[in-house]
Ligand code: ADP
Ligand code: MG
């Protein structure tokens, strides 16, 4: 789960990270009110969407010459103008994709006089099984280019979970950023605060870009924080930070039924139980020359409710030209699953070819139920057969 910059900054400030003052705003009036509470004379109005690259982004409605989603303002009138430009409009950045994201909230924060911008991030390094600190002197808006063109400018320091963070980690971060004296101490302090926040919230990522020197102080000017979804049950307070308007509607609906669903680019909708089987199903669709429209794991006990919800979610995607159901009846018997599939197919008024492969307990009863349902369900014997059949069905439609 990701959160907005303003939420991330409030959170990190609680762990002792130095963050400039600021307030969230949902309307132009609130944005001006927020600026009034700040000391000035420089304000920054920032679009709050779950994507980076806002500074260099463009608003669809404003044309190519308009400024992006992070704007400096020197007066309350300029704050108002910036807020009017952004709210309700669609910001397109390198991270949003061409559709962009509608801006519904702003963050109005203290503008600082930047001397230097750094990059500092914490993430889980799966290779070493440790939290890794990634630091670079090349902070600002183009870290992707730095990583690509000059990877030697990016330093990685991993932390042994048995010792936790030690003073030498802070010193190494400061050295990687080319800092000495008091600024080095501040950088070490920030690193410690971010590490504490990372552990304390079960984060999956904390990215500060830029971490800046401004007015002789190290400050967090941008923050992107994501949490490990599997640990969120331990943090009801963090769950309240979820902004469902930022999530894909189909993925959101799926999460309500405890379905693991991820939208993909292909034509064949997949409904499978078990993540491994789902991966294999996607692979074999590709092997037969087409692409899956989604990953969907209905879980071990594929109940009728779940199967129906899964059908509806798959069919809500206009790209889906056919559906492949591949279910192993282990915990759940094949006859029960078949009843669920028939009921769901009737309820959603199935409009695309449907190939079903069942295997496991009571498989013959399951196949009989599908065959006598009166629906145009194409049965398949094994996974290879199922993939061939759904690809042939979809290709036959043209
Ligand atoms: P994004 O990464 O989405 O483009 P940032 O928050 O990093 O958004 O802002 C982009 C740039 O705007 C920063 O690299 C920094 O130069 C500038 N900036 C951001 N916040 C402030 C601030 N409070 N004061 C002055 N400049 C800022
Ligand atoms: Mg940034």
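Numbers run from 1 along the shown chain.
Using the three backbone atoms N, Cα and C, a Cβ is placed for every residue, glycine included.
The domain 'ATP-grasp' annotation in TrEMBL covers 9-55. The ATP binding site feature in TrEMBL is assigned to 46, 53, 54, 55, 112, 117. Feature annotation from TrEMBL assigns Mg(2+) binding site to 209, 222. Residues or ranges marked as substrate binding site by TrEMBL: 273, 330, 331, 332.
Projection of TrEMBL feature records onto the structure.
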residue: 46; record: ATP binding site; CB count, 10 Å: 26
residue: 53; record: ATP binding site; CB count, 10 Å: 19
residue: 54; record: ATP binding site; CB count, 10 Å: 25
residue: 112; record: ATP binding site; CB count, 10 Å: 16
residue: 117; record: ATP binding site; CB count, 10 Å: 19
residue: 209; record: Mg(2+) binding site; CB count, 10 Å: 23
residue: 222; record: Mg(2+) binding site; CB count, 10 Å: 22
residue: 273; record: substrate binding site; CB count, 10 Å: 26
residue: 331; record: substrate binding site; CB count, 10 Å: 12
residue: 332; record: substrate binding site; CB count, 10 Å: 24
Averaged pLDDT, computed only over the residues in the domain 'ATP-grasp' (9-55): 97
Spatial separation of residue 209 (Mg(2+) binding site) from residue 331 (substrate binding site) - C-alpha basis, Å: 47
Listed binding-site residues among 53, 55, 117, 209 whose Cα sits within 10 Å of residue 332 (substrate binding site): none
Proximal residue to residue 112 (ATP binding site) among binding-site residues 209, 222, 273, 330 (C-alpha distance): 222
Distance-selected binding-site residues near ligand 2 (C-beta under 6 Å), from 46, 209, 222, 331: 209, 222
Most Cβ neighbours inside 10 Å, all chains, among the binding-site residues 55, 330: 55
Counts by DSSP class (helix H/G/I, strand E/B, coil) across the domain 'ATP-grasp' (9-55): 16 helix, 9 strand, 22 coil
Those binding-site residues of 46, 55, 117, 273 having Cα within 10 angstroms of residue 209 (Mg(2+) binding site): 117
Where the C-beta lies under 6 angstroms from ligand 1, the matching binding-site residues among 222, 273, 330, 332: 222
By Cα-Cα distance, the member of binding-site residues 46, 55, 117, 222 nearest residue 273 (substrate binding site): 222
Structural state of residue 117 (ATP binding site), classified by DSSP into three states: strand
Where the record names 273, 330, 331, 332 as binding substrate, the maximum Cα to Cα distance in Å: 11
Residue 222 (Mg(2+) binding site) and residue 53 (ATP binding site), distance between Cα atoms, whole Å: 11
Rounded Cα separation (Å) that holds between residue 222 (Mg(2+) binding site) and residue 55 (ATP binding site): 11
Length of the line joining the Cα atoms of residue 54 (ATP binding site) and residue 330 (substrate binding site), in Å: 48
